[in-house]
Amino acid sequence: MKRLALIGSTGSIGKQVLQVIREIPDAFVIETLAAYGRNRESLISQIREFSPRVVAVRDETTYKELRKLFPHIEILSGEEGLIAVATAASVDMTIVASSGIDALPAVMASIQERKTIALANKESLVAAGELVTTLAKKNHVQILPIDSEHNALFQCLEGRDPSTIKKLILTASGGPLRNKSKEELQKVTLQEVLKHPIWDMGPKITVDSSTLVNKGLEIIEAFWLFGLQAVEIEAVIHPQSLIHGMVEFCDGTILSVMNPPSMLFPIQHVLTFPDRYPSIISGLNFLTNQTLEFLPIDDERFPSIRLAKDVLREGGSMGCFFNGANEALVQRFLSGEIAWYQIVSKLQTLMDKYVVRSCLSLEDILQVDSEARALASEC
(Lines of atoms letter the chains of each structure in order from A; the text may use other names.)
(Lines give C-alpha, C1' and ligand atoms only; values in the text may rest on other atoms or scores of the structure.)
Protein backbone atom coordinates (compact mmCIF):
# COMPACT_ATOMS: atom_id res chain seq x y z
CA MET A 1 0.00 0.00 0.00
CA LYS A 2 1.35 3.41 -1.00
CA ARG A 3 1.19 6.24 1.51
CA LEU A 4 0.51 9.52 -0.23
CA ALA A 5 0.91 13.25 0.30
CA LEU A 6 -1.39 15.29 -1.93
CA ILE A 7 -0.63 18.95 -2.63
CA GLY A 8 -3.49 20.77 -4.32
CA SER A 9 -6.27 18.44 -3.24
CA THR A 10 -9.17 20.79 -4.07
CA GLY A 11 -8.02 21.67 -7.59
CA SER A 12 -9.02 19.88 -10.79
CA ILE A 13 -6.10 17.41 -10.77
CA GLY A 14 -6.28 16.89 -7.01
CA LYS A 15 -9.95 15.94 -7.16
CA GLN A 16 -9.25 13.44 -9.94
CA VAL A 17 -6.39 11.94 -7.92
CA LEU A 18 -8.87 11.32 -5.12
CA GLN A 19 -11.33 9.84 -7.63
CA VAL A 20 -8.73 7.23 -8.63
CA ILE A 21 -7.98 6.48 -4.98
CA ARG A 22 -11.69 5.94 -4.27
CA GLU A 23 -11.83 3.34 -7.03
CA ILE A 24 -8.70 1.49 -5.87
CA PRO A 25 -8.97 1.94 -2.08
CA ASP A 26 -6.84 -1.05 -1.09
CA ALA A 27 -3.78 0.32 -2.88
CA PHE A 28 -3.46 3.76 -1.25
CA VAL A 29 -3.83 5.75 1.93
CA ILE A 30 -3.84 9.55 2.12
CA GLU A 31 -1.38 10.48 4.85
CA THR A 32 -1.34 14.26 4.32
CA LEU A 33 -3.28 16.90 2.36
CA ALA A 34 -2.54 20.48 1.34
CA ALA A 35 -5.06 22.82 -0.28
CA TYR A 36 -4.09 26.42 -0.89
CA GLY A 37 -7.13 27.43 -2.93
CA ARG A 38 -10.40 28.90 -1.74
CA ASN A 39 -12.54 25.75 -1.92
CA ARG A 40 -12.98 25.38 1.83
CA GLU A 41 -16.07 23.16 1.73
CA SER A 42 -14.40 20.71 -0.63
CA LEU A 43 -11.38 20.44 1.67
CA ILE A 44 -13.57 19.81 4.70
CA SER A 45 -15.35 17.04 2.80
CA GLN A 46 -12.01 15.49 1.78
CA ILE A 47 -10.72 15.52 5.35
CA ARG A 48 -13.86 13.74 6.56
CA GLU A 49 -13.63 11.14 3.80
CA PHE A 50 -9.90 10.36 3.81
CA SER A 51 -8.87 11.15 7.42
CA PRO A 52 -5.35 12.45 6.73
CA ARG A 53 -2.95 12.78 9.64
CA VAL A 54 -1.78 16.27 8.62
CA VAL A 55 -3.48 19.07 6.64
CA ALA A 56 -1.95 22.35 5.46
CA VAL A 57 -3.79 25.48 4.29
CA ARG A 58 -2.75 28.97 3.24
CA ASP A 59 -5.01 31.41 5.05
CA GLU A 60 -5.36 31.98 8.78
CA THR A 61 -9.17 31.93 8.79
CA THR A 62 -9.39 28.43 7.29
CA TYR A 63 -6.56 27.30 9.56
CA LYS A 64 -8.49 28.35 12.68
CA GLU A 65 -11.74 26.84 11.43
CA LEU A 66 -10.14 23.48 10.63
CA ARG A 67 -8.48 23.31 14.03
CA LYS A 68 -11.91 23.61 15.65
CA LEU A 69 -13.57 21.11 13.29
CA PHE A 70 -10.78 18.51 13.44
CA PRO A 71 -9.01 18.71 16.82
CA HIS A 72 -7.56 15.21 16.35
CA ILE A 73 -5.76 16.16 13.08
CA GLU A 74 -2.60 18.25 12.86
CA ILE A 75 -3.54 21.44 10.99
CA LEU A 76 -0.72 23.62 9.63
CA SER A 77 -0.48 26.81 7.59
CA GLY A 78 1.93 28.72 5.36
CA GLU A 79 4.92 27.45 3.39
CA GLU A 80 6.19 25.52 6.41
CA GLY A 81 2.92 23.62 6.51
CA LEU A 82 3.15 22.78 2.82
CA ILE A 83 6.67 21.43 3.24
CA ALA A 84 5.63 19.43 6.31
CA VAL A 85 2.80 17.81 4.34
CA ALA A 86 5.15 16.96 1.47
CA THR A 87 7.93 15.52 3.61
CA ALA A 88 6.08 13.66 6.37
CA ALA A 89 8.05 10.59 7.45
CA SER A 90 5.16 8.21 6.71
CA VAL A 91 4.81 9.38 3.08
CA ASP A 92 6.12 7.27 0.16
CA MET A 93 4.93 9.46 -2.73
CA THR A 94 4.33 13.20 -2.91
CA ILE A 95 1.69 14.14 -5.49
CA VAL A 96 2.10 17.73 -6.65
CA ALA A 97 -1.28 18.50 -8.20
CA SER A 98 -1.23 22.27 -7.75
CA SER A 99 -0.18 24.78 -10.40
CA GLY A 100 2.23 27.67 -10.00
CA ILE A 101 5.71 28.12 -8.60
CA ASP A 102 4.47 28.21 -4.99
CA ALA A 103 4.85 24.43 -4.86
CA LEU A 104 8.57 24.51 -5.78
CA PRO A 105 9.97 24.62 -2.21
CA ALA A 106 7.84 21.59 -1.30
CA VAL A 107 8.99 19.75 -4.44
CA MET A 108 12.63 20.38 -3.56
CA ALA A 109 12.09 19.38 0.07
CA SER A 110 10.33 16.15 -0.98
CA ILE A 111 13.21 15.22 -3.26
CA GLN A 112 15.67 15.95 -0.47
CA GLU A 113 13.71 13.51 1.70
CA ARG A 114 13.78 10.93 -1.11
CA LYS A 115 10.04 10.80 -1.75
CA THR A 116 8.86 9.59 -5.15
CA ILE A 117 7.40 12.62 -6.95
CA ALA A 118 4.16 12.42 -8.95
CA LEU A 119 4.30 15.74 -10.78
CA ALA A 120 1.47 17.68 -12.39
CA ASN A 121 3.16 21.01 -11.63
CA LYS A 122 4.98 21.93 -14.84
CA GLU A 123 6.14 25.27 -13.43
CA SER A 124 8.61 23.51 -11.12
CA LEU A 125 10.56 22.13 -14.09
CA VAL A 126 10.13 25.17 -16.33
CA ALA A 127 11.41 27.56 -13.67
CA ALA A 128 13.93 25.32 -11.94
CA GLY A 129 14.48 22.32 -14.19
CA GLU A 130 18.22 22.08 -13.67
CA LEU A 131 17.97 22.41 -9.88
CA VAL A 132 15.13 19.92 -9.56
CA THR A 133 16.56 17.24 -11.86
CA THR A 134 20.09 17.55 -10.45
CA LEU A 135 18.76 17.09 -6.91
CA ALA A 136 16.58 14.17 -8.03
CA LYS A 137 19.57 12.40 -9.60
CA LYS A 138 21.71 13.03 -6.53
CA ASN A 139 19.06 11.52 -4.24
CA HIS A 140 18.00 8.74 -6.66
CA VAL A 141 14.44 10.07 -6.74
CA GLN A 142 12.07 9.20 -9.58
CA ILE A 143 9.85 11.97 -10.97
CA LEU A 144 6.71 10.49 -12.53
CA PRO A 145 4.83 12.88 -14.86
CA ILE A 146 1.07 13.27 -14.50
CA ASP A 147 0.58 15.66 -17.44
CA SER A 148 -1.01 13.52 -20.15
CA GLU A 149 1.60 14.39 -22.79
CA HIS A 150 4.63 13.72 -20.60
CA ASN A 151 3.05 10.62 -19.15
CA ALA A 152 2.60 9.35 -22.71
CA LEU A 153 6.25 10.07 -23.53
CA PHE A 154 7.32 8.42 -20.27
CA GLN A 155 5.48 5.23 -21.21
CA CYS A 156 6.93 5.24 -24.75
CA LEU A 157 10.47 5.81 -23.47
CA GLU A 158 10.43 3.29 -20.64
CA GLY A 159 13.26 0.80 -21.08
CA ARG A 160 14.45 2.32 -24.37
CA ASP A 161 18.06 3.02 -25.30
CA PRO A 162 18.44 6.84 -25.36
CA SER A 163 20.82 6.61 -28.32
CA THR A 164 18.00 5.22 -30.50
CA ILE A 165 15.61 8.13 -29.88
CA LYS A 166 15.27 10.68 -32.67
CA LYS A 167 12.37 12.92 -31.66
CA LEU A 168 9.80 13.57 -28.93
CA ILE A 169 6.41 14.78 -30.17
CA LEU A 170 3.87 16.46 -27.91
CA THR A 171 0.30 16.80 -29.12
CA ALA A 172 -1.92 19.83 -28.56
CA SER A 173 -5.66 20.14 -28.98
CA GLY A 174 -5.06 23.63 -30.32
CA GLY A 175 -7.18 25.17 -27.59
CA PRO A 176 -10.43 27.10 -27.95
CA LEU A 177 -9.06 29.56 -30.53
CA ARG A 178 -7.29 27.24 -32.96
CA ASN A 179 -9.56 28.05 -35.93
CA LYS A 180 -9.58 31.84 -35.55
CA SER A 181 -7.71 34.09 -37.97
CA LYS A 182 -5.00 36.49 -36.85
CA GLU A 183 -7.49 39.34 -37.17
CA GLU A 184 -10.13 37.52 -35.11
CA LEU A 185 -7.58 36.81 -32.39
CA GLN A 186 -7.25 40.55 -31.79
CA LYS A 187 -10.86 40.63 -30.53
CA VAL A 188 -11.42 37.43 -28.56
CA THR A 189 -13.28 37.66 -25.26
CA LEU A 190 -12.56 36.04 -21.92
CA GLN A 191 -15.67 33.89 -22.35
CA GLU A 192 -14.36 32.53 -25.67
CA VAL A 193 -10.94 31.81 -24.20
CA LEU A 194 -12.29 29.87 -21.22
CA LYS A 195 -14.46 27.58 -23.38
CA HIS A 196 -11.99 24.75 -24.07
CA PRO A 197 -13.25 22.20 -26.64
CA ILE A 198 -11.76 19.14 -24.93
CA TRP A 199 -10.43 19.64 -21.40
CA ASP A 200 -12.13 20.95 -18.26
CA MET A 201 -9.37 22.90 -16.50
CA GLY A 202 -8.82 25.91 -14.27
CA PRO A 203 -8.79 29.43 -15.79
CA LYS A 204 -5.00 29.92 -15.81
CA ILE A 205 -4.15 26.72 -17.66
CA THR A 206 -7.11 27.25 -20.03
CA VAL A 207 -5.71 30.66 -20.98
CA ASP A 208 -2.27 29.07 -21.44
CA SER A 209 -3.88 26.48 -23.69
CA SER A 210 -5.47 29.21 -25.79
CA THR A 211 -2.13 30.99 -26.36
CA LEU A 212 -0.30 27.64 -26.69
CA VAL A 213 2.06 28.88 -23.98
CA ASN A 214 0.99 25.71 -22.18
CA LYS A 215 2.51 23.64 -24.98
CA GLY A 216 5.64 25.78 -24.83
CA LEU A 217 5.90 25.12 -21.10
CA GLU A 218 5.50 21.40 -21.82
CA ILE A 219 8.37 21.44 -24.32
CA ILE A 220 10.62 22.95 -21.65
CA GLU A 221 9.31 20.46 -19.09
CA ALA A 222 10.04 17.53 -21.43
CA PHE A 223 13.59 18.80 -21.96
CA TRP A 224 14.33 18.60 -18.24
CA LEU A 225 12.17 15.63 -17.37
CA PHE A 226 13.69 13.19 -19.83
CA GLY A 227 17.23 14.59 -19.99
CA LEU A 228 17.55 14.00 -23.74
CA GLN A 229 19.38 17.22 -24.61
CA ALA A 230 20.36 16.12 -28.11
CA VAL A 231 16.84 14.98 -29.05
CA GLU A 232 14.48 17.26 -30.94
CA ILE A 233 11.20 18.10 -29.19
CA GLU A 234 8.24 19.11 -31.33
CA ALA A 235 4.56 19.92 -30.87
CA VAL A 236 1.71 19.31 -33.32
CA ILE A 237 -1.99 20.13 -33.30
CA HIS A 238 -4.12 17.00 -32.83
CA PRO A 239 -7.74 18.18 -32.47
CA GLN A 240 -9.14 14.82 -31.34
CA SER A 241 -6.76 14.64 -28.32
CA LEU A 242 -6.65 10.84 -28.53
CA ILE A 243 -2.89 10.51 -29.03
CA HIS A 244 -1.12 12.29 -26.19
CA GLY A 245 2.52 11.90 -27.08
CA MET A 246 4.78 10.14 -29.58
CA VAL A 247 8.40 9.05 -29.71
CA GLU A 248 10.16 8.63 -33.04
CA PHE A 249 13.13 6.26 -33.09
CA CYS A 250 16.15 6.25 -35.37
CA ASP A 251 14.71 3.41 -37.49
CA GLY A 252 11.59 5.44 -38.33
CA THR A 253 9.31 3.64 -35.87
CA ILE A 254 6.92 5.87 -33.91
CA LEU A 255 5.42 4.74 -30.62
CA SER A 256 2.43 6.56 -29.15
CA VAL A 257 0.03 6.39 -26.22
CA MET A 258 -3.68 6.61 -27.03
CA ASN A 259 -6.64 6.97 -24.72
CA PRO A 260 -9.74 9.16 -24.45
CA PRO A 261 -9.01 12.72 -23.25
CA SER A 262 -9.28 12.21 -19.50
CA MET A 263 -6.65 12.92 -16.86
CA LEU A 264 -7.79 9.82 -15.01
CA PHE A 265 -5.66 7.67 -17.34
CA PRO A 266 -2.25 9.27 -16.61
CA ILE A 267 -3.15 9.78 -12.94
CA GLN A 268 -3.95 6.10 -12.50
CA HIS A 269 -0.80 5.10 -14.38
CA VAL A 270 1.42 7.22 -12.13
CA LEU A 271 -0.25 6.23 -8.86
CA THR A 272 -0.06 2.51 -9.61
CA PHE A 273 3.35 2.53 -11.36
CA PRO A 274 5.16 0.19 -11.96
CA ASP A 275 2.06 -2.01 -11.73
CA ARG A 276 -1.01 -1.74 -13.94
CA TYR A 277 -4.56 -1.99 -12.63
CA PRO A 278 -7.82 -2.30 -14.60
CA SER A 279 -8.89 1.15 -15.77
CA ILE A 280 -11.51 2.87 -13.65
CA ILE A 281 -13.12 4.34 -16.82
CA SER A 282 -13.73 3.07 -20.35
CA GLY A 283 -10.81 3.06 -22.76
CA LEU A 284 -10.64 3.89 -26.46
CA ASN A 285 -13.05 2.27 -28.91
CA PHE A 286 -11.39 2.28 -32.34
CA LEU A 287 -14.69 1.61 -34.09
CA THR A 288 -16.16 4.91 -32.92
CA ASN A 289 -12.94 6.95 -33.14
CA GLN A 290 -11.77 6.63 -36.72
CA THR A 291 -10.30 10.08 -37.44
CA LEU A 292 -6.84 11.19 -36.35
CA GLU A 293 -5.71 14.60 -37.62
CA PHE A 294 -2.29 16.21 -37.21
CA LEU A 295 -1.65 19.82 -38.14
CA PRO A 296 1.38 22.12 -37.88
CA ILE A 297 1.30 24.99 -35.40
CA ASP A 298 1.02 28.37 -37.12
CA ASP A 299 3.83 30.53 -35.75
CA GLU A 300 2.19 33.72 -37.02
CA ARG A 301 -0.88 33.17 -34.87
CA PHE A 302 0.74 31.22 -32.04
CA PRO A 303 4.44 32.13 -31.56
CA SER A 304 4.60 30.55 -28.09
CA ILE A 305 6.37 27.39 -29.29
CA ARG A 306 9.15 29.48 -30.81
CA LEU A 307 9.47 31.44 -27.55
CA ALA A 308 9.77 28.19 -25.58
CA LYS A 309 12.58 27.00 -27.83
CA ASP A 310 14.26 30.38 -27.33
CA VAL A 311 14.07 29.69 -23.59
CA LEU A 312 15.93 26.40 -24.05
CA ARG A 313 18.57 28.06 -26.22
CA GLU A 314 19.13 30.86 -23.70
CA GLY A 315 19.19 28.59 -20.64
CA GLY A 316 20.04 29.97 -17.21
CA SER A 317 17.26 32.00 -15.62
CA MET A 318 15.21 32.42 -18.80
CA GLY A 319 12.84 29.54 -18.03
CA CYS A 320 12.00 31.03 -14.66
CA PHE A 321 11.57 34.50 -16.18
CA PHE A 322 9.35 33.12 -18.98
CA ASN A 323 7.13 31.30 -16.51
CA GLY A 324 6.79 34.14 -14.00
CA ALA A 325 6.13 36.81 -16.62
CA ASN A 326 3.52 34.65 -18.33
CA GLU A 327 1.68 33.96 -15.06
CA ALA A 328 1.50 37.69 -14.31
CA LEU A 329 0.31 38.52 -17.82
CA VAL A 330 -2.37 35.83 -17.68
CA GLN A 331 -3.65 37.28 -14.42
CA ARG A 332 -3.80 40.72 -16.03
CA PHE A 333 -5.86 39.26 -18.87
CA LEU A 334 -8.20 37.45 -16.47
CA SER A 335 -8.75 40.69 -14.55
CA GLY A 336 -9.50 42.62 -17.75
CA GLU A 337 -6.34 44.78 -17.78
CA ILE A 338 -4.97 43.59 -21.12
CA ALA A 339 -6.31 41.95 -24.28
CA TRP A 340 -5.71 38.28 -25.05
CA TYR A 341 -3.25 38.92 -27.89
CA GLN A 342 -1.14 41.11 -25.59
CA ILE A 343 -0.22 38.17 -23.36
CA VAL A 344 2.28 36.71 -25.81
CA SER A 345 3.28 40.01 -27.45
CA LYS A 346 4.22 41.49 -24.08
CA LEU A 347 5.90 38.24 -23.07
CA GLN A 348 8.10 38.36 -26.17
CA THR A 349 8.99 42.02 -25.54
CA LEU A 350 9.98 41.23 -21.96
CA MET A 351 12.09 38.27 -23.05
CA ASP A 352 13.89 40.36 -25.68
CA LYS A 353 14.95 42.86 -23.01
CA TYR A 354 15.83 40.37 -20.30
CA VAL A 355 19.48 39.63 -19.47
CA VAL A 356 19.88 35.96 -18.56
CA ARG A 357 21.85 35.00 -15.48
CA SER A 358 22.68 31.76 -13.72
CA CYS A 359 20.35 30.34 -11.07
CA LEU A 360 22.25 28.29 -8.54
CA SER A 361 19.73 28.03 -5.70
CA LEU A 362 16.05 28.04 -4.81
CA GLU A 363 16.49 31.60 -3.57
CA ASP A 364 17.84 32.65 -6.99
CA ILE A 365 14.81 31.10 -8.70
CA LEU A 366 12.32 32.84 -6.42
CA GLN A 367 14.11 36.17 -6.91
CA VAL A 368 13.95 35.90 -10.71
CA ASP A 369 10.30 34.87 -10.49
CA SER A 370 9.53 37.95 -8.39
CA GLU A 371 11.36 40.23 -10.82
CA ALA A 372 9.56 38.73 -13.81
CA ARG A 373 6.15 39.23 -12.22
CA ALA A 374 6.96 42.81 -11.30
CA LEU A 375 8.08 43.67 -14.84
CA ALA A 376 5.08 41.91 -16.40
CA SER A 377 2.71 43.77 -14.09
CA GLU A 378 4.01 47.15 -15.26
CA CYS A 379 4.57 46.72 -19.00
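Placement of Cβ uses the backbone N, Cα and C atoms for every residue, glycine included.
For the NADPH site, Swiss-Prot gives Thr10, Gly11, Ser12, Ile13, Arg38, Asn39, Asn121, Glu123; the one candidate out of Gly175, Gly202, Gly216, Gly227 that the record lists there too is Gly202. Residues Ser148, Glu149, Ser173, His196, Ser209, Asn214, Lys215, Glu218 are given by Swiss-Prot as 1-deoxy-D-xylulose 5-phosphate binders; from Lys122, Lys137, Lys138, Lys182, that same site also lists Lys122. A distance of 10 Å separates the Cα atom of Gly202 (NADPH binding site) from that of His196 (1-deoxy-D-xylulose 5-phosphate binding site).
Figure note: comparing Cβ neighbours within 10 Å for the binding-site residues Thr10, Ser12, Asn121, Asn214, the maximum is reached by Asn121. Same-chain residues that are not part of Asp147, Glu149, Glu218 yet have a Cβ within 8 Å of the Cβ center of the Mn(2+) site turn out to be Lys122, Pro145, Ser148, His150, Asn151, Leu170, Lys215, Glu221, Ala222, His244, Gly245. Most Cβ neighbours within 10 Å, among the binding-site residues Arg38, Lys122, His196: Lys122 holds that distinction in the structure as shown.
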